[in-house]
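Report on the following structure.
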Amino acid sequence: MEKNIKALWKNFQLKLEKIKHYRKLYEQQIKEYKKKITGLNNETDANEISRIKNEIEILNRLIKIKNTKDNVIKKDFDEKNVFEIRNFNFWYNKNKQVLFDINLDIKRNKITALIGKSGCGKSTFIRCLNKLNDLNENTRWTGDIYFLGKNINSGIINDLTLRTSVGMVFQKLTPFNFSIFENIAYGIRAHGIHNKNAINEIVRQALISAALWDEVKDNLHRNANTLSGGQQQRLCIARAIALQPDVLLMDEPTSALDSIATNSIELLIQQLKEKFTIVIVTHSMAQTIRITDETIFFADGRVIEQGTTKQIFTKPKQKATNSYISGKN
């Protein structure tokens with residue numbers, strides 16, 4: 001892996017020099033814009049001020065690209081991890097900070113639970129891992145997220161590649177209003193695979209992996225919305241794993257399901273960890289204990305404690321962790 005990282009860094013040197021050059025230009029342009037705004041009238045020049053502020057926002061987004069050696073390729077990245085997060089902060093609406101100085105590792109082929117009260121930052125954090133939050137306007141961040149040794153915010157890995165490698169299953173059941181088959185085949189074609197036999201096999205394998213094939217193999221052209229809740233969630237999982245991601249993110253995947261469907265999904269998640277690293281947001285302490293290997297406790301946008309699930313629930317090191325898992329807070 002060390003040789004691969006060195007090769008990646010060498011190939012990226014020229015690109016970095018270009019980034020540094022353009023970053024200086026962007027920063028200079030922002031200074032000029034800010035000087036111009038100070039000379040404008042808020043009432044009579046409102047449209048021009050708005051235009052300039054939009055330009056500044058665009059330039060600030062471009063400046064997000066990092067320009068130093070250490071935060072593009074992490075040479076000391078631990079091969080036991082898939083993610084290493086360092087000094088990460090995140091804001092909505094530019095000034096509403098919701099994540100504070102996050103430092104943690106997510107281990108390969110483990111099921112890691114993110115726990116904590118509603119609004120503590122769990123769902124925001126999990127969406128940072130494949131940059132879904134970047135699809136929203138007026139967000140910003142500082143710090144570094146390394147995926148398999150590469151900084152996802154450096155430009156070395158594009159967003160489409162990242163989201164293919166880091167799949168997502170949402171809390172709300174989200175099957176497309178297509179057939180069962182097309183729910184999976186649609187994304188396969190979008191990634192440039194058009195051979196009919198290849199698509200058929202990928203769909204079949206995804207449904208098998210999601211423990212759904214035997215239930216739907218004779219009705220693949222049935223509308224996905226006619227499936228039960230548990231079947232719909234397994235279809236969403238099949239869709240997420242069809243292109244063989246490294247990581248599967250799950251944001252409360254069983255919160256909308258009954259106990260029988262929940263048991264089915266939990267069993268599936270445990271089976272999937274043989275192939276994928278899984279990160280799951282959950283409010284269920286019982287579920288965390290049943291199926292996860294690692295647990296990270298969030299409170300008020302901060303990581304309070306990280307450890308094995310057994311350690312967190314039997315010998316928590318922090319009083320806040322103990323209060324939460326015991327139901328006192």
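Note that Cβ sites are derived from N, Cα and C of the backbone, with glycine treated the same way.
A coil conformation is recorded for Gly121 (ATP binding site) in the three-state DSSP classification, outside any helix or strand. For Gly121 (ATP binding site), the count of additional Cβ atoms within 10 Å of its Cβ stands at 23 [all protein chains shown]. What Swiss-Prot records for Gly116, Lys117, Ser118, Gly119, Cys120, Gly121, Lys122, Ser123 is ATP binding site, and it gives sequence analysis as the kind of evidence.
Note on the domain 'ABC transporter' (83-325): its mean pLDDT in the predicted model is 94. What Swiss-Prot records for 83-325 is domain 'ABC transporter', and it gives sequence analysis as the kind of evidence.
Of all Cβ atoms in the protein chains displayed, 12 besides its own lie within 10 Å of the Cβ of Gly119 (ATP binding site).
Lys122 (ATP binding site): 26 other CB atoms within 10 A of its CB, across all protein chains.
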